[in-house]
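According to TrEMBL, the protein has these features:
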type     : residues : note
DOMAIN   : 38-287   : domain 'G-protein coupled receptors family 1 profile'
TRANSMEM : 20-46    : transmembrane segment
TRANSMEM : 58-76    : transmembrane segment
TRANSMEM : 96-117   : transmembrane segment
TRANSMEM : 137-161  : transmembrane segment
TRANSMEM : 190-213  : transmembrane segment
TRANSMEM : 234-257  : transmembrane segment
TRANSMEM : 269-289  : transmembrane segment
Amino acid sequence: LGLRNQTYFTLQGFSHLAALQVFLFEGILLMFLITMKGNFLIIIVATTDPALHTPMYYFLKKMALIEICFTLNIVPKMLVDLLLERKVISFSACALQLYFVIFFITSECFLLGAMAYDRYVAVCHPLHYNVTMNRRVCLHMVITCWIAGIPLSVGLTGWLFSYRFCGSKETEHFFCNIAPVLDLVCSDTYLFELLVFIATVIIVLIPFILIAASYIQIIHTILQMPSAEGRRKAFLTCLAHLVVVTLFYCTTGMIHLKPRSSLLANSRKLVALSYTIVTPMLNPIIYSLRNKEVKHALRKTFGRRQL
């Protein structure tokens, strides 16, 4: 089948778990609602409470927005498919979904790097923090993170969907990602796969190396602090970000560093499920649950109601 005849794809999703479809629907719906509530709460309190008008919470607010958009791009369609027997997606809708997957993953990678730099300046150069991380710098960093995802998304999506597709229209995945769509291409895709690998190295490994370098400096600075309490506070300000970075990069890198990876289709789905559903849900919990500033802001914003 050529491009003109390929009007839709069938998303196999979790068809191999037919007996668990309702259970999966309920579990994913619950995680989706927790994700939406948690990330929206972060945006609301970081916007309304003056005490949280700092670079750290400014970046955290933008991260929450990315998580909301990324989740909305994938999960509602997945939930509908779990209840339907015929799980189809149009050619154009699949291309659009893939575009936003690449865009938000790229933006999040760079934003995690920006957040690591913010923590580096806060811990290693506290006297210069307010000057270095002023409003204008933070705004430019966020704009750069968002813009960085556009050329890659347009280029990879346009190239992939310009190929001829042959054979089965069935993709072994629950959303349109590079690897499952690439499996349907009947042309030689060596150059495309090479570009995907190079792009992934740039958007995943380079920010990760920068984050690692920042944390080497941060840990070195923390260990030199004379006060045990000071060391504890400095470490706690960075711990949440470290956990989120580890979760995100381990799962994303595993999937995207090799488009046609050696992972079995079902294993690929489970890994993808972790960064499309679990990580966006855990991020606001990791950043906020043990954070006194956020808890105090939530009480101020929503009164005495228990959240």
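Any Cβ shown, glycine's included, is placed from N, Cα and C.
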Review point. Taking pairs 6 or more apart in sequence, does the count of Cβ pairs under 8 Å between the transmembrane segment (190-213) and the transmembrane segment (20-46) hit 3 or more?
Key: no
**Study point:** Highest-contact recorded stretch vs the transmembrane segment (20-46), from 58-76, 96-117, 137-161, 269-289, CB pairs under 8 Å
**Key:** 58-76
Review point. Is the transmembrane segment (269-289) packed against any residues at least 6 beyond its ends, judged by a Cβ distance under 8 Å, and which are they?
Key: 13-14, 28, 31-32, 34-35, 38-39, 41-42, 60, 63-64, 67-68, 70-71, 74-75, 172-175, 177, 240, 243-244, 247-248, 251-252, 254-255, 263, 295
